[in-house]
Structures are given as structure tokens and as C-alpha cells.
Amino acid sequence: MVMINFQHIDGEALLAQLQPLLGNIRGKLTPNVEMRKVTWFRTGGLAELFYQPVDEEDLALFLHNLPECVPVTIVGIGSNLLVRDGGVPGVVIRLSPKNFGQVQQVSSKGFLVGAGTADKHLAAAALKAEIAGFHFYHGIPGGLGGALKMNAGANGVETAARVVEVYALDRKGQRHILSLKDMHYSYRHCDIPEDFIFTAALLEGEPGNKDAIRAAMDEVALHRETVQPIREKTGGSTFKNPKDTSAWRVIDEAGCRGLQIGGAQMSEMHCNFMINTGQATGYDLEALGETVRARVFAHSAHLLQWEIERIGQFEQGRSVASFDPFH
């Protein structure tokens, strides 16, 4: 029986307990990995264990053999991710572009795409195949797994518009095939069981003209270059847009453009982008985000919701309270 204290990060001890139980897994299992090295913010504590499966079959075996008491956290490219300074207990599973980054054309307008595929690589593959409708991925700084989970979108198009089927594993390693209807998509959200791990998806666009597709991608790239701090350490859009306006607008109107806590700052260029100016901690970033939420609510009664995913536990004595005006 596995007896583990997940309040204290001790990857070596956890690895020693789990190795005899995991069977013939083929992926790389590493203790005490610095999460700052795998996130775009370049912040965060240790992953107690860090697993990189080689394929879906390997991941299924790992999940099947992993005791249910062990917490599991999934990461991909690490763009839309804030890792807290106290680290991530249990196992962090990363679906890498190397092992889950295939883009296979399966029809005149469709691709089978691995969840570890960078969005911009999907856009490039669609350009090469002259399949329209994927240009917006050229402007999303992330991977397909995250795009499927949050219904990522840009330039008026969302991931839901391209999905035919999504392939997932549950916490026990069982495979599931989800239709577009099964995903229950809404703005920056899908409603599926929390333990599901996306491994790939069947996506479809429309036959297109290469010059027109390239022009659409160039327009996306120019927009990003002009209005977003793409050369900074950032996680992309910090908050979801409210129903009746843009997040950046209410942030700006509340006087939060350029607001800074420690090494974290709301970008002067695009104030819905939070940046690490050099030495930010996870605490700095999350404290800044919650401060912005409070100021925006006080100014306009808009309650901003995080778009960036926050994982892990706080460092002892340095927790950040989530702003809640109703309690």
C-alpha cells in the first residue's frame, strides 16, 4: 500500500515507492523537475515526479498502474500556465511535441493531430496542404491539448469550429472517443470529466487556396507583432473576456496598465498580458492577477475570470487569496 504525504515535495521518495508498481513503462520518469524550465513564464517550484510518455499506449499503461491516490497534472507546451512556488505534488505528465506532435493528413480537408502539437505547426501543415480554416492557430502561443481543453481561439475563430473527434484517456488509462457534441464547448471552456487527458484529435477545415491561407496567417502574425508582447516571458491572455467587453479594456480603465508587483507586470503593450520582467515568482504573478481582478471589480463591477491555468501549491507563508467579492 502506498503511503504518501503530498504536502511535502519529495520526488526521490515517491519514485522509490512507485517504481515497483508501474510495470514496463517506456517513458521517462524523473524526480524533482524544475517547472520553471518548462513554462513560458519561467517561474514555479518542483514537479515531484515528471513523466514524459512515448505514446498513447505507454501513457495508458502508466495511468492504469499509477495508484489512484497519486495526484496527476497534465501539461503541454507550458504557455498558458502559472506554476506556484511550492511545487506540484504527485506526477506531472507532459505530452511533448516530440512524442505527441504528429500532424497527419487523413482526408482532403482533415488532419489527425497529436495533443502535443504546437498550434503554429498545425497552421503551417494546413498551409502546406492547402486546407483553410486553421490560420488562426498561427497566432495562438500554445499546443493542441490546451486548445482542445479551453476552446482556444483568435481572430474570430475557435477550436470548436474545427473539431470532429477528440481522443482521450481517463485516470485509469481507459480510452474514450468524444464527438464535438460530447465536448460541450462554450467560450474558453469544455465540459468533460476532469480526469480526461486529451491525446489527439481529428480536425477538419475546408479546401483552400495557398495564397489566401498565407495572407490570413500573415495578418494574424502582424496583429500579434503589433499589439502583443510576444518577445516577453508571458503566458498569453491572462483573463477571459467578459461577455459585454474586452478584458484589456476594463483592465486599462481600472488603471492597471503597467501595474507591477515584484517582477510581475501587466504589459504596457497589451494590458491583458502578464509578463515576467526578469525575476518574478509564481507568487508575484498570481498576486498581481488577483490585485487586477479586485481593482477591475471595484471600478466597473466586472469579475474577471482567469484564462491562465494555475497549478501546484503555494510556498509556505506566501499564499495568494482568490478575490471573491461575494464572500
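Here the Cβ of each residue, glycine as well, is placed from N, Cα and C on the backbone.
Annotated active site per Swiss-Prot: R188, E307, in sequence order, evidence recorded as sequence analysis. Annotation comment: Swiss-Prot describes S237 as active site, proton donor, evidence class sequence analysis. For 42-223, the entry in Swiss-Prot reads domain 'FAD-binding PCMH-type'.
In the predicted structure, the domain 'FAD-binding PCMH-type' (42-223) carries a mean pLDDT of 96.
The DSSP secondary structure for S237 (active site, proton donor) is strand.
E307 (active site) has a Cβ environment of 18 other Cβ atoms inside 10 Å.
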